[in-house]
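Okay, structure first, notes after.
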Amino acid sequence: MDFIKSLVENKLLLIGNFVLTSGKISPYYLDLRRLSNYYEIFSDTVNKAIDKIKNIDFDMIIGIATGGIPFASFISCRMGKPLGYIRMEKKGYGTDKILEADVSGRKILLVDDVATTGGSLSKAVEIINSEGGRVVASLVIVDREEGAEKKLGEYGVKLISVYKIREILEYLLNSSLISDNDKNNIKEYLVKNIE
């Protein structure tokens, strides 16, 4: 699969031991903040995402800083939808806003690069909803399948992903792109953590 090969070749999928935002230790890390550096694969990913959300009724896109902003921006431009973004913490200067958008009365598509447990996404949903918006769906490039779908479901928000981590890792496990030791670590992680 071109997407997965590109992730490995461009060091956007790293193998090792990584601490995630959720606090979990993972044998792989998706560094999708740089995916937009590779136009062809990024453009293809955006096209696939648009195909998955074309029947969702929303009127504004909110990207989560920082990983979700490039993805949200491309989708916004291609679909002709207004765009805003949300930080996970105040910046401490200027207007000190967390949400950079007027979401009142709007149906929101929330966008990020990766979903793991759903902590950041659910926090963003709460903030947007408290400002008068209504998150109708959340879109990510990769769902790590570690609870985000269930967590967002508690808010009535559907999680849509372009790729599931299971398909990415299964491809890697059946390839010569990573070592046998790394394959074993990933298999062990899959058994313990993937829904």
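Our numbering is plain: 1 for the first residue shown, then up by one each step along the chain.
Glycine is treated like the rest: Cβ placed from N, Cα and C.
Residues annotated as 5-phospho-alpha-D-ribose 1-diphosphate binding site in Swiss-Prot, with sequence analysis given as evidence: ARG87, LYS91, ASP112, ASP113, VAL114, ALA115, THR116, THR117, GLY118, GLY119, SER120. Annotation source Swiss-Prot lists orotate binding site at THR116, ARG144.
Structure with Swiss-Prot features highlighted.
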residue: ARG87; record: 5-phospho-alpha-D-ribose 1-diphosphate binding site; contacts (Cβ under 8 Å, 6+ apart): ALA65, LYS97, ILE98, LEU99, GLU100
residue: ASP112; record: 5-phospho-alpha-D-ribose 1-diphosphate binding site; contacts (Cβ under 8 Å, 6+ apart): GLY63, ILE64, GLY67, GLY68, PHE71, SER120, LEU121, ALA124, SER138, LEU139, VAL140
residue: VAL114; record: 5-phospho-alpha-D-ribose 1-diphosphate binding site; contacts (Cβ under 8 Å, 6+ apart): LEU30, LEU32, GLY67, VAL140, ILE141, VAL142, ASP143, ARG144
residue: THR116; record: 5-phospho-alpha-D-ribose 1-diphosphate binding site; contacts (Cβ under 8 Å, 6+ apart): LEU20, THR21, SER22, LYS24, ARG144, GLU146, GLY147, ALA148
residue: GLY118; record: 5-phospho-alpha-D-ribose 1-diphosphate binding site; contacts (Cβ under 8 Å, 6+ apart): GLY147, ALA148, GLU149, LYS150, LYS151, LEU152, LEU159
Under a three-state DSSP reduction, the secondary structure at ARG87 (5-phospho-alpha-D-ribose 1-diphosphate binding site) is coil
When DSSP states are folded down to helix, strand and coil, where does THR116 (5-phospho-alpha-D-ribose 1-diphosphate binding site) land?
-> coil
What residue among the binding-site residues SER120, ARG144 has the most other CB atoms lying within 10 A of its CB?
-> ARG144
Roughly how wide, in whole Å, is the group ARG87, LYS91, ASP112, ASP113, VAL114, ALA115, THR116, THR117, GLY118, GLY119, SER120 that binds 5-phospho-alpha-D-ribose 1-diphosphate, by largest Cα to Cα distance?
-> 24
